[in-house]
Structures are given as C-alpha cells and as structure tokens.
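According to TrEMBL, the protein has these features:
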ACT_SITE  83  active site
DOMAIN    1-189  domain 'Peptidase M12A'
DOMAIN    191-303  domain 'CUB'
DOMAIN    304-416  domain 'CUB'
DOMAIN    416-457  domain 'EGF-like'
DOMAIN    460-572  domain 'CUB'
TRANSMEM  12-32  transmembrane segment
C-alpha cells in the first residue's frame, strides 16, 4: 500500500465542519496513534463530516484539513477505523491487483452506481509491501456490501485448502495484516507495542540474553481515562554513558515522543517508580553501541486517585465517559497554592443510585485526610452543587462495588479565592457576591446593576401582589434617569379593585405627553383598557381599575429629567356601599361621579350612566328613606355640553313616581318639580326639549313612599 491522493467513495459534497476533536484508541500493536489534539492542530489535520455517506480520501490530500465523512449509521467503531484506514493510505483490500486470485466479484448483484467501489487497481497504483492477501482486513468489504439484495453476494471469497470460504468484512478490530502493513508503511520500530490492560509487563528484545545493537522499540501504555499508570523497572542492565547518550530508556508522560519527560535511564541502577499524570505513558528504548547487556524488564499497573499538587485540573472516575469498572477504590488528595481554597465543579455525574449511597459513591471532605470534615457523600444522577473547601486541601474518594456500573463523574478543580474580601470590594459599588471561581456585583433593594455590571442605578417596575403599597420613579425625589422604561403590574384578589392616588407628580410634559409620561391601564398587558396618559406637573385624580389588576408604565427619553412621581395604591372588594370612582384621562376633561346612599332599604339601588362626547360631569343623587323597593336611575347622554342633574327625595310615599325627560336641540333649560305628600297614586312627568344648551334639572320629593321611583333621562 502507498499514500495516494485518490478519493474513495466520495462524491462532490459541501463540507460541514465539526469542531469537536475525535479520539480513537486502538488496542493492537500498531505504531500509529490517534489521540486528543488541541483544536487548532486538529483542524489542520482532519475534518469529520456528518453527511449521507461514509467515505474518505485515500492518503493525504493537499495541504489543508483532511475530510472524512461519517454519515448516518456510520458512527460505529469499526466503520470509523475503516475510514481512518483510508486516511493513512489504505485502499480496499478487495481492489488490490491480485484480488482475482482470492475473490470473485459478482457484478450483476451490485447496486447501480456503486460499481466503482469494486474496480481493480493497477500494479503501478498500489504497493502491497510484500504482504499476502488479507481476508481478515478491516479494509475488506463484506460478501453483500452494496448488494441488490440482502442474500445476494457481491464478493465471493475462494475456498481454502479445507474447502471453506473465509469470512470477510469484519469491523471489530485491526487484523494482523493491517498492523503489519501499517508498520511497514510508516517505518515503525521493529519492537514494542500498545498495552491497554490494567496491568502488564514488557522487556527489551532478547532479554536476558542481551539486546542487539541499533535497536529501536516503543511501548505505549494506555489505560482507562481517569486512571494513572505506575511503572516500575524490575531489572536494568544497559550500557552506561554520560547523559545516557548511547543506550537508554526514555519514559514520557503522555502518548507521543514529545510528551513531558519523566526520566532517561541507562546503566545498571534500577530507577524508582514512575507515575503518569493521566492515562497514557510512552516508553522508548534505543541502543547504538556494540556492548552486550541483558537489557531490562518492567511492570506497570493502572491505578486511580493519588496526590495532585497543582492549581487546576480535572478528575474523572475510571473509564469515564464509559462505565466505570467494578470494585474500584480511588482516593485523590488535592492541594493548591497556599492562601487559596479548592473549588470543585461537576460537569457530569452518574453513579449507581441508593438512598444512603451504600454501594457506589463519591465522598468529598474538607481537608487533606479521610478524617477531615465531611462535605458530602454523593450518588445517583443529579450533579452535586459546587464545592468550596475552607483550606488549600480537598480529599475525594470514589468507591464502586462488584455489580452495577454507571458512567461515573467528571469534575474540574481549581484554586479559589474570595475576591469580595479585597479592600476594593471586588470593584463593586454596593454589594459583592463571591461565587465559585469568580464573583459578581449586586445592588441594594431599589437599585439594579448598570451596564458595566459593577455600579448601581435606581431600579423600577415589577409585579406587586400586596393589597397596599407605594411606587415611585427611579431615584425619587431626585430626578429620574434618562432612557428608563418601568412597568409595574399590580394584582389584587378576585373581586377586588385597585385605586391609585398620586402624592407627587412632576414629569417633562407637553400636550400629547410625547417625551416622558406615565400610562395607566386596567389589565396587565400593554394593550389593556387605557385610563390615561399623564405628564407635566398636574397631579392626576384618583384612578380605580375596572378589574383586579392594573398596569402602570413610566417612560423617560434621553433629554430633560424631572423629580418624577410618588403614588400609593390600595385594593378593596368591589361594592356599591360607598363611593366608586371612575377617572377617564383621555377624551373626558371632568369626572363622572355617581353617589348612592341607602338607608333602611331592603332592595338594591341600580345606577347606570352612559356617556358619549360629554365635556362636563353628569351627577345623579338618590336619597332613600324607609323605602322597601328599589330606585333605578338611567341616564343616557349624547352631545351634551352641560350637566344634567336629577335629584330624587322620597319620604312616606306609597306609590312610585316616574319622571321621563327627553331632550333634543333645546336652547333653554326645563325644570320640573314634583312634591308628593301621602299620595297613593303615581305622578308621571314627561318633558320633551329641543335645542337645549343648558342643563335640565328634575327634582322629585316624595314622602312615605313604599314603591320605587324611576327617573329616565335621554339626551
């Protein structure tokens, strides 16, 4: 095989960039390593796409990122490894020039348009590096790949010497042939391997009979994430030179040859144990002398927990994000710089659930030891709250039993300080609130954070659900700030009404309240029934809502500011006993007032007033004394410039008095006076007016009346 720039199964597509680096770990002895990279380095190497196909170019293509398509149903381990095989230079095994000696292509069973995936390569296009045809290769198609039917073969392997057709198309692992060819293609060391078991051992070539000269071996130890590797050399017999220049062993804390160096060793002194900071370790052996020594032997073990002496990092349960292993007991002792606390923030948490966390659990203690004060013992699926120690130490222990296993946890730790304890109060104008890893500013009641998130300015608006209270413009009695928009929503219980009375009122104003204003509505939305829009210096009358809620909105522009307003609201049950006020701020210049006073009455009094285009008030006064029946007053006004007043006084009347007044274009007033005393029959007065610009007044005085008095006025 050789690197090529040809494409495999990729049509012309628009690329969709995924910004998440891909990590792949191979469990076989292959010198190629697929490992987490920094985002910038990763983007310069490969792009994983989510398209409808599963394909990749073969070998490096150009100088930019490499495109790899992982389409629907392709996100399986074996399929991803297959596509990565193309990336490092592998063609399909069934397309090599000698394939006809090993398989038969049944073209009639291939799906239309997919025939190019079965074309045979020319000898000049592919170099098999002397490796035999590999039925077991992860790069080989299955028997029915791109078949017209599930049970129709597109590739039929030839029978072996036992008459058996070999299995083809596995997607579970790299075959021995895949590993061997990759080693040759990338000139990997002749010895060494990738070790992924939790424990293991390895040794120099030919041990104990002596290692050959000019030998190069690399061992990569990779254990489950969240674990560390403890490496111990059991014997050591290498040529000794200054700075271990000729024959040596290098151990690095990571997955490649430029990872941090843990040590370089030669001679016959057995080094002390070495511990990785994470889950990977690189061990490289080189010999360049003719000196014959036994070589070395080493053992390793995967452990979890340990001493952590740094200011920030991550802790994970073993094998996270996959299920943790059974029977684990991991202890971490975290120490950050003196003068700081340890902050712990959980990114994920899934541990076997139990009411008392008796089986699997994570225990966190405030200090350096198991005897330190307990912060919490956690299990289940809810992420614990953020943790802050009181010193620069934190102790953690993870335990799993031998049965149920879950995904485990991932947490970040870091040094933490209380920024609010500094002399400048964290730079906050009023209040400083310390948070884990940071801080935030807050304001006293009645103020809110300004745009700089540190200074405070007067706040306004909100939902008010109490029966009585006070609202005011921001900063009252000082001038309100510019560009404010405050909305108060006052809500009372059902059957209650809300009245608003202004104590002080001073806004920038003009005739239409264009600049600064306060707007009053019955209801909570911006399109509820409008009572009025007010500005200037005239204090509005008392305003009563029609419903059990009221909306008050204040707006200021960016120019002139005034003192603003202060107002009191109070709520009460809707009732006809006592005054009921209705103030209309737009279209009506004066109030309409209806007063009803009842004395010893067994029936209700009903007053209905309908106004249209009236500039002056309509007043209806009804006084009852010893009346057993209702009094009803109906007034309908249209285009009247002056008030209509109807006064009814009843005393000792047994029969009803009815007064009907109809006005139409009357220029002069009509006055009707009726006085009844001990009358048993009703009195009826009908008046028709034309072109009246002055008020009509009807006065009825009754004595000892037991029946209702009805007054109808139509204008």
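We number each residue from 1, going along the chain as drawn.
Just so it is clear, glycine is given a Cβ too, placed from its N, Cα and C backbone atoms.
No curator has checked TrEMBL annotations; they are predicted automatically.
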Compute the average pLDDT of the predicted model within the domain 'CUB' (191-303).
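Value for the domain 'CUB' (191-303), mean pLDDT as a whole number: 92.
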Taking 10 A as the limit, how many CB atoms besides its own sit near the CB of the residue listed as 'active site'?
20
What kind of secondary structure is residue 83 (active site) part of, going by DSSP in three states?
helix
What does the DSSP secondary structure composition of the domain 'CUB' (460-572) look like, as residue counts for helix, strand and coil?
0 helix, 56 strand, 57 coil
